[in-house]
Amino acid sequence: MAASVENRQYTHLEPGLSGVGRTFKPRPDSPVRGCNFPPSSNHELPFQKKQNPPIYLDYSSSEDEDDDDEKNEYVQMIKKGKTELEPSIHDTRDEGTADNWIERNFSLIRLTGKHPFNSEPPLSRLMHHGFITPVPLHYVRNHGPVPKASWSDWTVEVTGLVKRPMKFTMDQLVNEFPSREFPVTLVCAGNRRKEQNMVKQTIGFNWGAAAVSTTVWRGVPLRALLKRCGVQSKKKGALNVCFEGSDVLPGGGGSKYGTSIKKEFAMDPSRDIIVAYMQNGEMLSPDHGFPVRMIIPGFIGGRMVKWLKRIVVTTQESESYYHYKDNRVLPPHVDAELANAEAWWYKPEYIINELNINSVITTPCHEEILPINAWTTQRPYTLRGYAYSGGGKKVTRVEVTLDGGETWSVCTLDHPEKPTKYGKYWCWCFWSLEVEVLDLLSAKEIAVRATDETLNTQPEKLIWNVMGMMNNCWFRVKMNVCKPHKGEIGIVFEHPTQPGNQSGGWMAKERHLEISAVAPPTLKKSISTPFMNTASKMYSMSEVRKHNSSDSAWIIVHGHIYDASRFLKDHPGGVDSILINAGTDCTEEFDAIHSDKAKKLLEDFRIGELITTGYTSDSSPNSSVHGSSSISSFLAPIKELVQTPTRSVALIPREKIPCKLVDKQSISHDVRKFKFALPSEDQVLGLPVGKHIFLCATVDDKLCMRAYTPTSTVDEVGFFELVVKIYFKGVHPKFPNGGQMSQHLDSLPIGAFLDVKGPLGHIEYQGKGNFLVHGKQKFAKKLAMIAGGTGITPVYQVMQSILKDPEDDTEMYVVYANRTEDDILLKDELDAWAEQVPNRVKVWYVVQESITQGWKYSTGFVTESILREHIPEPSHTTLALACGPPPMIQFAINPNLEKMGYDIKEELLVF
């Protein structure tokens, strides 16, 4: 198990986007990725003027004269990485929040419910992309809603103890200052916090081990801005530089996110601190600070203020609430109450700036199974992971032990970056070690530790602190023998935790065993799960549902009802995160993101109890303390009195209804028709035409929700039908894992139940050409209906409703795009309608590639000429309806309809 240290080099890049110089280029032999990004077709930069030449990062060794072929090869690697990402979307989980306008990658693991948005990528996906993380997979830390910003209107003010206070526009930052561009690893100080929460709940939410990402940042050196404004001397009181964002947050009664660093740090050229406006060759995305943010290499992410508005040179540190009440490591004996009572938050020695040394095992991944057979035992197994340190310090050694620290093996290190002129390393590195499979079989765990150039190393045991920050104990993966197949044995690997509210991990198991061992046989009274007082005021679920607004916001947690109305303005997560759950049971989300202190605070707002027996959370079955207590018998007669009669409509807004799969038909190799029975035989689904439902299921221990539009008519009694395309694993290169929900549906046996929630959507067809869109009436005699792939189902639903009404003479012109003829859904039904009523229904198909000889429809993509030929010209009695993948809407439908003269803001309805 020989070890080596390899330094992969960056050298100066040639001028890149729009004349802005690039500052580094990777060696072609590096398997992990670097810079020199091609322009992005969907992120056009708002600045196109000639700019000052960049300040290049100086390196200690000579430049490596790579030729263009090597550079092009690297660019192709970057492009390949992008093709492996599914497109970002307007996530349904953001509906009803202030962030509903932002497109996000659906694979990001949400850690704080729906809002605010805090997330990390799956660890295996993060490592798959190597050195440079694609921006859509970069971890996100937001304290509240993302500000809506405009490049042209944005300014950054530099004020305080400077001779020439100024405001700079974005164009000035780009054009009047030299720029730097280089890769930086960003890490949240809460990385690996869930391990601490398994020992004792902190006041922070459950970060896993993927709150770390590396991207390429470009911006103006902070010291250049401060010099332009004439920063004052230390003698005149200029000791700190404060940064303030534009995001207004509830903390401290209402404040903006802000923090500060010492002026010596800000002016130190070796620290490479920049005011950044580009990431991975493109403008910043909304979640990462568009249009401008701070990048402070080697520091925790909490010091790098996003949506930067003000830079203030002061004598004192920042006065922001978040500068003091966040990003501190207090001694283990200090809990939140003691910290507040004795002002521990304000003691300067506990502030966090530079990252500490840390390392993580990423291969094997969690629940990976290594079969033990003649083939696997003849070759070594390669352990892999990442490591980083703060302050620009180089990670010099990573070691792995299989015997609890008795002996250690030194790993091979891969440093993809080259040190700066000052010998700094701003990025993570990767480690690997080959081990014998039989050695793994005889071991109980794998542990890793890293050491940096100052000989700092990771502690063996976890050191708890109230904020759960800077956790860097040995990362341990447990191993157990399993039997994956008949007659075969294997090793199953378990990571300590899984991020967010995901179940799994050896620490969770150990905690469960500890709790089980000390749990009393009878129910005890506690603050967080109080014994139900039979004299408390009792409310039915129907009464709670009425209180779903800012005027009266009630929530249910573990069967208790709380009035959160007077806490809206003080809630650290903002108003939206309460209102989105108002009138519902939010037990699962509350437990996932709140500390013991928050649970105690909640008691101040408790107003009563929910009338129920054997209470079960809407989202977390069997999570109540009431299930087997004597309270059930006390409430039984009450429940009988308040039970509501069977509803004629199945869907109940804000609630999930269980529906039973009663039939499944295979229409083609990847298309299925599913028939679900409603809870009662005399019910209709209750879905207005134009709206959709959510199917909800637990897949791989994680809640999965997807939107579908039934193909059955709205007046069907007792059931509804769905036509679903199954996206199988390993078929499409852009989506190697396939469709999570569609594959789950395909695997369901007859008789299985699935939760359904709805109705949802902003478009409702009311008949005879009348639509209700966002509460406003619209009318059309002619409909231009453009669909892509499974987007045909809402279009089909509207067509079905029109054709079923003999008095509805609305004309329909359908353009339906797919990859091949085999992908066309509901073709027989569409063709039948076009044949039966040719004066009112016209259907035209577009496929990317035809596999049938004599194909009489269009081949290629939806173009202006196709639309002009097959849909009506715009008029005051014509509307366009569209449903399809976001790129199709953005790049094919919107621009081509505009060329035809459609007002897409008023005359285009997108499902």
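Cβ coordinates come from backbone N, Cα and C, glycine included.
Quick look at what Swiss-Prot lists:
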type     : residues                                  : note
BINDING  : Cys188                                    : Mo-molybdopterin binding site
BINDING  : His571, His594                            : heme binding site
BINDING  : 706-709, 723-728, Phe735, 740-742, Thr793 : FAD binding site
COMPBIAS : 1-10                                      : compositional bias 'Polar residues'
COMPBIAS : 61-71                                     : compositional bias 'Acidic residues'
DOMAIN   : 536-611                                   : domain 'Cytochrome b5 heme-binding'
DOMAIN   : 654-766                                   : domain 'FAD-binding FR-type'
REGION   : 1-71                                      : region 'Disordered'
**Request:** Determine, to the nearest whole angstrom, how far the Cα atom of Thr793 (FAD binding site) is from the Cα atom of Cys188 (Mo-molybdopterin binding site).
**Result:** 42
**Message:** Rounded to a whole angstrom, what is the C-alpha distance between the residue listed as 'Mo-molybdopterin binding site' and Val723 (FAD binding site)?
**Reply:** 43
**Item:** Count of other CB atoms lying within 10 Å of the CB belonging to Tyr708 (FAD binding site)
**Value:** 22
**Item:** Phe735 (FAD binding site) CB neighbourhood, other CB atoms within 10 A
**Value:** 17
**Request:** Let me know the DSSP-derived helix, strand or coil state of Phe735 (FAD binding site), please.
**Result:** strand
**Item:** All-chain count of other Cβ atoms within 10 Å of Val723 (FAD binding site)
**Value:** 22
**Request:** Summarise the domain 'FAD-binding FR-type' (654-766) by DSSP state, stating how many residues are helix, strand and coil.
**Result:** 8 helix, 58 strand, 47 coil
**Asked** When DSSP states are folded down to helix, strand and coil, where does the residue listed as 'Mo-molybdopterin binding site' land?
**Response** coil
**Prompt:** Who sits close to Lys725 (FAD binding site): which same-chain residues at least 6 apart have their Cβ under 8 Å from its Cβ?
**Reply:** Asp670, Val671, Ser742, Gly789, Thr790, Asp823, Leu825
**Request:** Return the residues near Arg706 (FAD binding site), defined as same-chain residues 6+ apart in sequence whose C-beta is under 8 angstroms from its C-beta, sorted by sequence, else 'none'.
**Result:** Phe694, Leu695, Gln740, Met741, Ser742
**Request:** Note down the number of other Cβ atoms within 10 Å of the Cβ of Tyr727 (FAD binding site), including every protein chain shown.
**Result:** 18
